[in-house]
Structure formats: C-alpha cells, structure tokens
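Taken from TrEMBL, the feature transmembrane segment covers 60-84, 291-314, 356-384, 390-415, 427-451, 457-479, 517-536, 548-569, 581-605, 617-646.
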Amino acid sequence: MVTGTRVLLSPQPSKVYGTRSTFFSPLITSKSNSSIEKEVLGAFKICYPRFLEHEKYNRFWKGVGLLMEMVGAFIVVLLMVSGLNVEADGSNHRYKEREVVPLYANKVGPFHNPSETYRFYDLPFCAPDNVKDKKEDLGEVLNGDRLVDSPYELTFRVDKQSETLCRKKLSKEEVAQLRTAVLKDYYFQMYYDDLPFWGFLGKVERENKMDQSEYKYLLFKHIHFEVLYNNDRVIEINVQTDPNLAVDITEDKEVEVEFSYSVEWKETDIPFEKRMEKYSKSSSMPQHLEIHWFSIINSCVTVLLLTGFLATILMRVLKNDFIKYSHDEESLDDQEETGWKYIHGDVFRFPKYKSLFSAVLGSGTQLLALAFFIFLLALVGVFYPYNRGAFFTALVVIYALTSGIAGYTATSFYLQLEGSNWVRNLLLTGCLFCGPLFLTFCFLNTVAIVYSATAALPFGTILVIVLIWTLVTSPLLVLGGIAGKNSKTEFQAPCRTTKYPREIPQLPWYRGTIPQMAMAGFLPFSAIYIELYYIFASVWGHKIYTIYSILFIVFIILIIVTAFITVALTYFQLAVEDHQWWWRSVLCGGSTGVFIFGYCLYYYYGRSDMSGFMQTSFFFGYMACICYGFFLMLGTVGFRASLLFVRHIYRSIKCE
C-alpha cells in the first residue's frame with residue numbers, strides 16, 4: 001500500500017515517515033515663494049557654495065520646480081506599480097479546459113534557515129529548454145522571490161498519470177549536492193495561478209542510528225498534484241510525495257533517475273474569493289486565538305494594575321507637593337526649597353548635543369508614523385497571506401513619503417533649542433536611521449552574494465532604491481526641514497532658566513541611567529513578549545500571522561505603557577533634584593528596544609534551529625536595525641510624554 005503525506009498549504013503539514021513540528025507554519029507656512037526660495041538657496045549656499053556661483057537663481061528655482069514635478073510623477077508611478085496585485089501573466093484567473101495555467105518555480109532552501117534560499121535550478125532539477133525569469137516588482141525581489149518557468153505542465157482540468165518529466169543521469173557531484181540538501185531538509189516553493197505550495201526534496205532514514213555515516217538518504221522522484229477547481233477557476237493545490245518512488249543517493253556514485261509527476265483535478269464549491277482564506281486559517285484557529293486573547297488580557301490586566309498603582313502614588317505625591325508648595329508660598333517662610341520645585345531654574349535647560357537630540361526625535365516620529373500607516377494598510381486587508389512583496393513595497397514607499405515628517409520635526413525642535421546649523425541637523429536626521437541600515441544592508445548583501453542566495457539584491461533593484469532615496473526621500477526631507485524652519489515655533493517653558501546650572505546631589509547607584517533603563521524597559525516588554533513569539537515565528541519561520549487587529553492593540557498598549565513608565569521615572573528623577581531628564585527620558589523610553597534584542601538572543605538559541613553564518617548574520621543584523629528603530633520610536637514617545645508632564649507640573653506652581 002502506497003503511503004504518503006501531503007505537503008499542505010496550511011502551516012503544519014507532516015513529512016513522509018514522520019511528523020514535523022511547524023511548517024510554513026503644516027508643510028509650508030503662508031510665506032511667499034521668494035521667501036521659501038531664500039531658505040532653499042541658503043541651505044545650498046552652505047552645502048554647495050560653488051553651485052550658486054555658476055547658476056542663476058531663476059534657473060535654479062525652475063530646476064527645483066521641475067524636480068518636484070518629477071518627484072510627484074515618480075510617486076504616482078511607484079504607487080501605481082506597488083498597488084498592482086501580482087497575477088499570473090496578467091490573466092483574470094479564468095481558464096478553459098486544456099488551457100495552460102501558469103506554474104512558476106520560486107526557490108529552494110533549508111527548512112530551518114528561512115533567509116538562506118537559492119534559485120530553483122541551482123540544484124540539478126529537470127529544467128525546460130528555455131528557462132525564462134518572471135518579471136517581479138520591488139517587493140518580490142526584496143522578499144527573495146526569483147520566479148522562473150517550471151518544467152511541470154498542469155493544463156486546466158486535464159488528469160495525468162505518471163507523466164515522465166525527464167530522465168537525468170546525476171553525476172557524483174550532483175548526488176553529493178542533493179544528499180546535502182536532503183540532510184538539511186531542503187524544501188521547494190512554487191506558485192500555481194498565484195497559489196503557493198511547498199514540498200520536500202527527500203528524507204533521511206535514521207532508524208535509531210547514531211552515526212551519520214549510517215543514514216540512508218532518499219530523493220523523491222515522483223510528485224502528485226491534487227488541484228481543486230470551481231467552474232473555470234483554480235481554487236486550491238496540494239502536493240503529495242510517494243515514498244515508494246524514491247531513489248537512494250547515499251553513496252557517491254552516478255545515479256540514473258526518471259523524474260515523473262501525476263495530476264488529479266477535483267471539483268469544489270469553495271468560491272474564488274475565499275481561496276486565500278486557507279493560508280490564514282492556522283493563525284485564526286480557536287486554540288491560537290485563545291492564546292492571543294490571553295496575551296491581550298494578561299497584558300491589559302498587568303498594565304492596568306501597575307499603571308494604576310503608579311498613577312495613584314504619583315497623583316497622591318503630586319497633590320501633596322502642590323499643597324506643600326502653595327502653603328510655603330502663602331506663609332512666606334524662608335525655608336530652603338526641596339524636591340522638584342527646587343530645580344525649576346534648571347529643569348528646562350536645553351540638553352547637550354542638541355542636533356543629535358533633535359535628529360532622534362525626528363527619526364522616531366517618522367518611524368512612529370510609518371508604524372501607524374503600516375497598521376492601517378494591514379487592518380484594511382492589504383497584507384493578505386502570500387501577497388508577494390506587498391509588505392516590503394509598502395515599507396519602502398511609506399518610509400520615503402514620511403521623510404518630510406522627520407525633517408519638519410527635527411528642524412523645528414532644533415531651532416526651538418536655539419540651534420544654529422539646521423542644515424547639518426537635517427543631514428544628521430536623514431542619516432541617523434538610514435545610515436546604520438545601509439551599512440548593515442551592504443554587509444548582508446555581500447554575504448548573500450558570496451552564498452549565491454536569492455537574498456542578494458540585483459544591481460537594478462539597488463538602483464531603484466537609490467533613486468527612491470534620491471528623488472523622493474531626500475527632497476521631502478529638505479522640504480520638511482524648510483517648513484520646520486519657517487514655522488518659527490518657540491520653546492514654551494513655564495519657568496525661566498538660571499544662568500548657571502545647579503549641582504546635582506550624589507545619588508545611589510539605582511538612580512543611574514542603566515538601572516533606570518532596565519526598570520523602564522521591563523514593564524513595556526512584559527506587555528508584548530507573548531505576542532513577540534508569533535511575530536518571530538512568522539518573520540523568521542514558516543508560520544503565518546494575520547491577526548493584525550490584536551497586534552495593533554498590543555502596539556497601542558506598548559505606546560501607553562512606555563509613556564507612563566517614562567513619566568513616572570522622570571518625576572522620581574526630578575524629585576531627587578536631578579534636572580538632566582532630557583536624554584534620560586529618551587533612553588528610558590527606548591530601552592524596550594534593548595529588551596527586544598535580548599529576546600532575539602533567547603529566540604535564536606532557545607526557540608529556533610537556525611544555523612550557519614549567513615542565517616545568523618541576517619537574523620542578528622536586521623533584528624539589530626529593527627530594535628534600533630524601536631529604540632528611536634519609543635524614545636521619542638517617552639520624551640514627548642515626559643515633556644508634557646514636566647510642563648504641566650511646573651505650570652501648576654509659581655516659579656520666580
């Protein structure tokens with residue numbers, strides 16, 4: 001009796017002869033154009049002094065106008081391209097009997113290393129006479145997809161029994177290559193009418209043998225396709241492998257293999273509109289939903305208890321402080337002030353490194369806006385399962401379009417802090433997050449090129465990203481900076497700052513920056529750590545995550561808790577007469593990013609089976625950039641909340 005196990009589209013299929021754990025489981029103020037032109041020219045005079053010596057002002061301004069028209073056209077084209085759904089050669093997914101349905105082979109790679117994927121024909125598979133690459137959009141390339149023509153012919157509603165694909169004589173080197181692939185649990189991925197499916201190349205028969213040299217390696221040579229259709233549409237495709245039709249590749253010798261396949265068509269009543277629901281069922285299963293909602297309830301209860309406790313203490317202490325200071329003012333006692341009122345002349349003293357501080361706020365605000373826009377697209381259903389490249393395309397486009405927010409926020413706040421060189425601050429803002437990300441990308445892309453992996457971006461894709469940064473990100477950043485400079489907003493401090501700063505009294509060790517960051521990051525991290533596992537299993541594994549509403553609730557809880565805990569620690573810092581709260585609030589707010597990176601270490605070594613230099617470098621490289629982004633974003637949230645709180649309490653008392 002022939003036994004086999006489907007390699008299903010759901011996240012938890014089994015493998016032949018055994019089961020697997022998880023699988024696939026305002027912009028410009030009301031100023032004249034001449035005023036704005038002066039601002040632009042002023043910036044260029046500083047950055048490019050020789051440029052204006054050879055160009056007329058009017059020609060320059062016409063060039064700027066032409067550039068902005070080009071930027072606008074580029075944005076429109078980019079949005080049109082990114083908004084297109086990837087379809088099978090532009091078809092409407094309707095087919096007649098015996099009509100060819102597009103089948104593309106995508107990539108192969110070790111099951112436990114999701115970033116380490118290779119082109120399908122890097123392994124000695126049967127290939128058509130003329131292999132053609134499918135045209136892909138930006139997001140697909142960033143996702144590592146490299147679709148090519150497949151040798152299998154699955155014509156619509158035509159059954160096939162043991163169709164010979166090819167006869168191939170494998171050399172010793174090819175046998176060794178395939179044996180290594182089977183040992184590493186290589187899988188393949190294909191797309192049939194835009195429906196993804198997976199399968200394993202073979203299996204290892206261990207049979208309680210401890211010595212690896214005694215293992216038996218089998219290569220599957222027959223694949224059975226089961227296709228479900230509804231009228232003239234393809235609804236579902238599953239794959240089965242027959243363990244009785246396998247070839248032994250244990251020894252280093254030439255092997256003659258006849259690869260074959262069979263096709264069986266079955267009718268179903270599932271409508272075409274619901275054919276993608278199968279891929280999201282795993283994350284919507286009752287047991288998974290219970291865990292998610294338990295995570296939400298646990299986070300909410302923890303947050304309510306702890307924040308309520310802190311709020312009660314904080315409000316009671318503040319009320320006592322207000323009564324005390326009001327009583328002191330009415331009695332006109334000559335007592336020496338103590339506590340946070342004592343440092344009212346220093347609390348609004350501007351921090352050191354104004355340019356860097358403003359750049360952090362600008363980049364953090366942009367990343368916060370990016371997160372909200374991504375959640376908005378997710379909640380309206382843009383990122384349905386296996387919409388190839390949609391998420392990466394959205395990240396690139398939205399980050400480029402929100403760069404004006406970073407420029408406006410950074411420049412406006414920098415000038416409020418009485419900064420002088422706003423152009424340098426603008427350059428620092430543009431490079432603060434993109435700089436480390438670019439350096440990390442260069443290193444990891446070099447590693448991928450050495451490995452010949454599909455994660456290596458081709459030159460054309462890199463050129464497109466550079467053009468987006470040059471034609472969209474940079475101009476919008478400059479425009480945002482000009483708008484921030486024209487806003488001329490003054491910093492509103494309830495108390496005047498004294499000429500000389502007060503000396504900060506000696507404080508115990510737990511009042512230091514590092515212990516305070518540890519206390520500040522623990523509470524927000526405890527509210528999200530359960531959900532983090534599902535995110536990591538989706539990004540760095542084969543599970544599917546589609547419950548974006550729950551993730552959005554967790555994100556809002558993270559923002560609220562970060563703001564509250566930072567405010568509490570800022571008050572305790574001011575209460576001991578430590579007035580250097582500006583940078584401390586940023587560090588405490590962003591410390592959750594450090595905790596997330598610590599969770600990365602735990603997940604890599606404790607919860608995953610990832611291995612190899614490429615996968616390790618990709619995991620820690622890109623997770624370091626993501627955690628750095630969380631640090632900037634949550635640090636901005638922490639500072640903004642602390643600033644509102646500090647302004648409020650010092651407005652409530654009379655300061656000389």
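Just so you know, glycine gets a Cβ as well, placed from its N, Cα and C.
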Sequence-remote partners of the transmembrane segment (356-384) [C-beta within less than 8 Å, at least six residues beyond its ends]: 276, 280, 390-391, 394-395, 398-399, 402-403, 405-411, 413-414, 417, 419, 425, 428-429, 432-433, 546, 548-549, 551-552, 555, 582-583, 586, 629, 632-637, 639
Top partner of the transmembrane segment (457-479) among 390-415, 517-536, 548-569 - counted as Cβ pairs under 8 Å: 390-415
Annotated stretches the transmembrane segment (517-536) and the transmembrane segment (427-451) touching (3 or more Cβ pairs under 8 Å): no
Region pair the transmembrane segment (427-451) / the transmembrane segment (390-415), three or more CB pairs under 8 Å: yes
